[in-house]
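J.: To start, I am sharing the structure in question, which I have written as structure tokens.
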Amino acid sequence: MATEAAPPRIAVRLPSTSVRDAGANYRIARYVAVVAGLLGAVLAIATPLLPVNQTTAQLNWPQNGTFASVEAPLIGYVATDLNITVPCQAAAGLAGSQNTGKTVLLSTVPKQAPKAVDRGLLLQRANDDLVLVVRNVPLVTAPLSQVLGPTCQRLTFTAHADRVAAEFVGLVQGPNAEHPGAPLRGERSGYDFRPQIVGVFTDLAGPAPPGLSFSASVDTRYSSSPTPLKMAAMILGVALTGAALVALHILDTADGMRHRRFLPARWWSTGGLDTLVIAVLVWWHFVGANTSDDGYILTMARVSEHAGYMANYYRWFGTPEAPFGWYYDLLALWAHVSTASIWMRLPTLAMALTCWWVISREVIPRLGHAVKTSRAAAWTAAGMFLAVWLPLDNGLRPEPIIALGILLTWCSVERAVATSRLLPVAIACIIGALTLFSGPTGIASIGALLVAIGPLRTILHRRSRRFGVLPLVAPILAAATVTAIPIFRDQTFAGEIQANLLKRAVGPSLKWFDEHIRYERLFMASPDGSIARRFAVLALVLALAVSVAMSLRKGRIPGTAAGPSRRIIGITIISFLAMMFTPTKWTHHFGVFAGLAGSLGALAAVAVTGAAMRSRRNRTVFAAVVVFVLALSFASVNGWWYVSNFGVPWSNSFPKWRWSLTTALLELTVLVLLLAAWFHFVANGDGRRTARPTRFRARLAGIVQSPLAIATWLLVLFEVVSLTQAMISQYPAWSVGRSNLQALAGKTCGLAEDVLVELDPNAGMLAPVTAPLADALGAGLSEAFTPNGIPADVTADPVMERPGDRSFLNDDGLITGSEPGTEGGTTAAPGINGSRARLPYNLDPARTPVLGSWRAGVQVPAMLRSGWYRLPTNEQRDRAPLLVVTAAGRFDSREVRLQWATDEQAAAGHHGGSMEFADVGAAPAWRNLRAPLSAIPSTATQVRLVADDQDLAPQHWIALTPPRIPRVRTLQNVVGAADPLFLDWLVGLAFPCQRPFGHQYGVDETPKWRILPDRFGAEANSPVMDHNGGGPLGITELLMRATTVASYLKDDWFRDWGALQRLTPYYPDAQPADLNLGTVTRSGLWSPAPLRRG
């Protein structure tokens, strides 16, 4: 409808208006509405409290009756309770000189792990004592001689959330103890001292003695399924709610009005604007940038089927996503077909098209005649919608379904107001509740219901005269609560409450008054505050401001329907306020406004037309504000997250083409403001013409009077062209667009087919021409370059802290994401040229000489000219088109060069040319300098390195190894699709063929590899997954040693694509533990123990 219809006058149309006189035809409907509605609501509310079948898991050790280490990394870090009994004679294997290397009788973490003592339990020999250490606390200690004596019987240990206790049964405290003669025992309480468990490890071997026992109750509270009682209640609850809604519909039809079309008559027709919007959305589906959390959500969805529930895979100790996980469950089902990006995001594309259809077919006509008939309104609505959707909603996050849910909730409410019927209200409650629980940002959907309370109360009051209140309210109550059934279908009330309390305690859990952080990020020169995101939000705020201003000044925007337009404005304002209560403050949350942005754009377009805003001065001022918004938006980078940024123009700088765009737009703003001043002081008429304008002049005037439409479509064009240009400029190298288009042909493994892995860098070393291998690196000239001229610690510099990241600090207060194996160190044995530097990437010190310019104390100028190294033949160069030098230090790329020569030139001591290396990596850590072999003439047969360090600052130094030509294989070929991987959450969507490690019954699978994003991404996402947040990094760093493998991006050799790490267990022979499984029925209020929080 174009305008808001007045509710029918029921008292006139229906002579009998009392409840007592209701017709017999509606008496049954009333009874069904009351009974079914109330019972449906009760069953829905009771669903979280009904019992579930929980799968229990017990970790018992020894297994197979032997001292054999086993792996069992608990996703919740700790067991609900732990009981250990160790016969004293079991410690005999630690005594004697023959057992010097054996120190651990039993531990829950490998002793070699850096944080083993801080986090785990170790029963170990320390000098001549046997010590039980629990989370860095020596709980009980006894001399090993007494432990092996005749009086000692056993060591017992128990751990619960409130206390841990241990006792050497048979031993007493010594004469110098606080309580001489008392039992030798220790206890700690007042804190959760339960040790982290990643397995059971021992240095001993052979048969286990009788009485040795380790029993841990694994926390499997979320590994549950509904009991038959709960399943029956849920089915009955849904059926009763459906019956109540049917009864409500029957009561609605008592008004005597004919049935109205569910969809408008022109719903399926398309016009030119529709075609353009469809084309933009479909093309963006292939070439457009994705959101930062797509890999996070895809990995959760892929793992959930095997796990049995939708766990938060990367944080919060494996607690479930519920009550916000139902949308992810749909993605998990969708992933059964394919995990390729174009397939997984197909629902998002469908939501985008549906949003536009709802805006153009439902929203715009309801906003009034002026909006419905204005082409400027339609174009502005389309531009605003696309301007928000493209940068914020082209991924797997829940913002797209929330944006659609808000629109559908509003449309249902408007249909209820227009028809004076209550079934649309019930439907709005269902849609609103599903939207609310799609994600934390779903809280924005409550505005669609709140703004209609007044009209709906009037409808309820009128209809209650005939049917009473309860038959009308009960079905709505059932509709509002029925969403509890899918949300709590396999989980309990107590479990969800504890999970959400844990998330709030662990964080990030920012308060409402921290909302400024979201806007700080919006105005940073980063992907969070990119041109596209900043403009989307600023344009939305501008449209809201002008709509509110015109509504307040004139009562309503001329030509619009007052009720619907006020409600759409009210929803937007409430949504902004509701966003303050989300626990995190990221700019991608603004994606929930995509549908509202299109609706407000239509209103704003009408508000600034000549018919509504007659003053040319005011219209010109509005145009100036629009240009200023553009200028403010272009004062940022055209940046996107991770791989979406590859090849994008101005991705790391402000846009500039001969001159700065933001400066030019600011100057244009001033010119438009001067024009507004001229209209105010000189030509102060209202600009109306008496003569009939020509068709061309009318069209030109319409365009000029639509500055917001022009700006939004310019931004949409800028975004689409930028990402299309990125795909073209990158070709044949990898890009998002190329990968998605190739997926149509069946090549669905994404980046894994283009990342080239160098497993053995020693195989590609170039052979020296004349000098021995050990001396060739310094054979030409070596002044102040020495084999040990490298600091012991070359850890990469950390990035700066960013707003809101304080929740993600590691134990040292830094935000880092360094690549293990590249941070340096020293070795006990010297290498081939006497260097003790620890080399990265599996380089063999016995075959790899090292020279560096650093020295302790005062630095001196240093120069290096290596001997000549033989290049391979031209045919071999074509197969491996890259030359690499592993280097460390802080230096300018001009200070390290590669020179080439023919045999004759080298013999004469001359070179035929030189080039700089591309320095890809983080200083001063070890990294691979790259040079394309195509830049070396085909006649060249030899190369050498030249380094010049004239900077005497202690932090400025150079360390080099000999040149090599990598022998590479694709990551897909090396890692494959079978090995369990630790996929960082930024990379999940780019590697759809790799299998993320799973978890089941509270125990994680042990990964063999880890894939990280680029340096910026690794430093941003690694702290999210660490021990403090209950993520998988807190497990892998205790269980395995990570080593970075050299890798390169095909045809984009100078790109920091990310990193591949090999994960090697500290105990290579440890096998996955066998769990003792069982099933038990638990009530919805049952809790085994508090969840671990620190």
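Heads up, the Cβ atoms here are built off N, Cα and C, so glycines get one too.
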J.: Would you please say which range out of 408-430, 431-453 has the annotation transmembrane segment in Swiss-Prot?
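T.: Range annotated as transmembrane segment by Swiss-Prot: 431-453.
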J.: In the same chain, which residue numbers or ranges, 6 or more beyond the ends of the transmembrane segment (28-50), come under 8 angstroms Cβ to Cβ?
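T.: Long-range Cβ neighbours of the transmembrane segment (28-50): 22, 226-227, 229-230, 233-234, 236-238, 240-241, 243-244, 246-248, 250-251, 467-468, 470-478, 480-485, 488-489, 491-493, 496, 1083-1085.
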J.: Where among 431-453, 466-488, 530-552, 565-582, 586-608 do we find the most Cβ pairs under 8 Å to the transmembrane segment (341-360)?
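T.: Stretch with maximum Cβ contacts: 586-608.
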J.: Would you kindly list the residues that approach the transmembrane segment (264-286) from elsewhere in its chain, counting only those six or more residues past its ends and only Cβ-Cβ distances under 8 Å?
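T.: Contacts with the transmembrane segment (264-286): 342, 345-346, 348-349, 352-353, 356-357, 360-362, 365, 378-379, 382, 385-386, 389-390, 394, 716, 720, 723-724, 737, 740-741.
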J.: Can you find at least 3 Cβ pairs under 8 Å between the transmembrane segment (431-453) and the transmembrane segment (466-488), where each pair is 6 or more residues apart in sequence?
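T.: Counting Cβ pairs under 8 Å, at least 3, so yes.
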J.: Given a Cβ distance threshold of under 8 angstroms, which distant residues of the chain, six or more beyond its ends, lie next to the transmembrane segment (466-488)?
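T.: Contacts of the transmembrane segment (466-488) (Cβ under 8 Å, skipping residues fewer than 6 from its ends): 10, 14, 16-19, 22, 26, 29-31, 33-34, 36-38, 40-41, 43-45, 47-48, 234, 237-238, 240-241, 244-245, 247-248, 251, 254, 322-323, 325-326, 422, 425-427, 429-430, 433-434, 437, 460, 496.
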